[in-house]
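Novice: Questions regarding the structure given below will be posed in turn.
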Amino acid sequence: MAIAWKSVKTYTDILYHKAGGIARITINRPEKRNAFRPLTVVEMHEALLDAREDPKIGVVLLTGAGPAKDGKYAFCAGGDQSVRGHGGYIDDAGVPRLNILDVQKLIRSMPKVVIALVAGYSIGGGHVLHVICDLTIAADNAIFGQVGPKMGSFDGGYGSSYLARLVGQKKAREIWFLCRQYNAAEAMAMGLVNKVVPVAELENEGVTWAKEILERSPLAIRCLKSAFNAELDGLTGVQELSGNATMLYYMTEEAKEFSTAQREKRKPKAEQFPWLP
Ligand SMILES: CC(C)(COP(=O)(O)OP(=O)(O)OC[C@H]1O[C@@H](n2cnc3c(N)ncnc32)[C@H](O)[C@@H]1OP(=O)(O)O)[C@@H](O)C(=O)NCCC(=O)NCCSC(=O)CCC(=O)c1ccccc1C(=O)O
């Protein structure tokens, strides 16, 4: 499905495009298997915020540039180990950061559908990134895995707990404890991805799914996303879900009458609103 992407802004480590209600964020460090350094994460966060704020955007495609010069593909190989220091990943100002957690939270909470398009490696923090997306479409060359216990890291948040909700406790423990790699067919079989397509079809498939979603009700999808999250996200999840209830309530004649009455310093006409069963 052809789509005329327009560049939104020029970044150093990512590409950011939009077209027809879809935003596409591409991690653009193919020679590093699209590993993210603090700058990459800052740029991803800015683009995601822009997509969240744009009322024309309903779906975000998150993907990795490739293939690299050696012909290999990667969605993302996690945190850039060349800048790992004491207390985090060191940014240009020398500050240690684990700022990928901010990106995870934004993907989780934004009221838009985020789809990971995974070709090649989705490893470590790059695996967590696809896990946290609402949907994952994998290329037939996709390779998934966690590496933390092999190289001195772990993600005890969404990367393990939410992973276990997706694939089950036994499988999630296997993935983290053994640090094996899984191909696209294995990922499909364990419920880690939504669909597998030939690598040449990956973007087209993502656009097809996005366009189908864009034909659906934005408010229904907004409420569904926060409802799916609420069960798992504790008070943060309840806050998001009930924030949507408040937003919908503000849109009612009833809320408008009570708000207007307060400003007009009069008694609200409560009797006109039913106490529904
Ligand atoms: C992905 C590989 C399996 C691919 O293997 P291969 O195809 O053989 O390629 P290589 O020759 O290894 O790599 C090519 C090239 O890319 C560089 N590179 C690859 N990955 C990284 C990386 N993560 N960081 C930096 N550079 C990378 C590699 O050095 C080569 O460059 P040259 O210049 O040619 O040498 C394989 O590459 C691989 O296993 N990569 C490492 C995977 C890894 O260790 N990832 C980090 C896991 S830890 C993490 O992601 C932390 C994330 C985080 O911040 C966090 C914080 C707090 C809570 C949770 C998290 C979280 O986990 O999200």
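Even glycines carry a Cβ here, placed using N, Cα and C.
According to TrEMBL, the protein carries these features:
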{"type": "BINDING", "residues": "Arg33, 77-81, Tyr89, 121-125, Ser153, Tyr250, Lys265", "note": "substrate binding site"}
{"type": "SITE", "residues": "Tyr89", "note": "site 'Important for catalysis'"}
{"type": "SITE", "residues": "Tyr250", "note": "site 'Important for catalysis'"}
Novice: Through the lens of DSSP with three states only, how would you label Tyr89 (substrate binding site)?
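Specialist: Tyr89 (substrate binding site) sits in a strand per DSSP.
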Novice: Taking ligand 1 as the reference and 6 angstroms as the Cβ limit (strictly under), which recorded positions among Ser122, Tyr250, Lys265 are close?
Specialist: none
Novice: Between Ser122 (substrate binding site) and Tyr250 (site 'Important for catalysis'), how many Å separate their Cα atoms?
Specialist: 42
Novice: Rounded to a whole number, how many Å is the Cα of Ser153 (substrate binding site) away from the Cα of Tyr250 (site 'Important for catalysis')?
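Specialist: Taking the Cα atoms only, Ser153 (substrate binding site) lies 45 Å from Tyr250 (site 'Important for catalysis').
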Novice: If one measures from the C-alpha of Asp80 (substrate binding site) to the C-alpha of Tyr250 (site 'Important for catalysis'), what distance in angstrom results, rounded to a whole number?
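Specialist: Checking the Cα atoms of Asp80 (substrate binding site) and Tyr250 (site 'Important for catalysis') gives a distance of 45 Å.
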Novice: For Asp80 (substrate binding site), what is the secondary structure by DSSP, using just helix, strand and coil?
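Specialist: Once the DSSP labels are grouped into three classes, Asp80 (substrate binding site) ends up as coil.
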Novice: Taking Tyr250 (site 'Important for catalysis') as the reference, which of Arg33, Gly78, Tyr89, Gly124, Lys265 (the binding-site residues) have a CA within 10 A of its CA?
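Specialist: Taking Arg33, Gly78, Tyr89, Gly124, Lys265 one by one, none has a Cα falling within 10 Å of Tyr250 (site 'Important for catalysis').
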Novice: Please report the three-state DSSP label of Tyr250 (site 'Important for catalysis').
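Specialist: Tyr250 (site 'Important for catalysis') sits in a helix per DSSP.
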Novice: If you count, for each of the binding-site residues Ser122, Ser153, the other Cβ atoms lying within 10 Å of its Cβ, which residue has the minimum?
Specialist: Ser153
Novice: I'd like the Cβ neighbour count for Tyr250 (site 'Important for catalysis'), meaning other Cβ atoms within 10 Å of its Cβ, all protein chains included.
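Specialist: Within a 10 Å radius of the Cβ of Tyr250 (site 'Important for catalysis') lie 10 other Cβ atoms.
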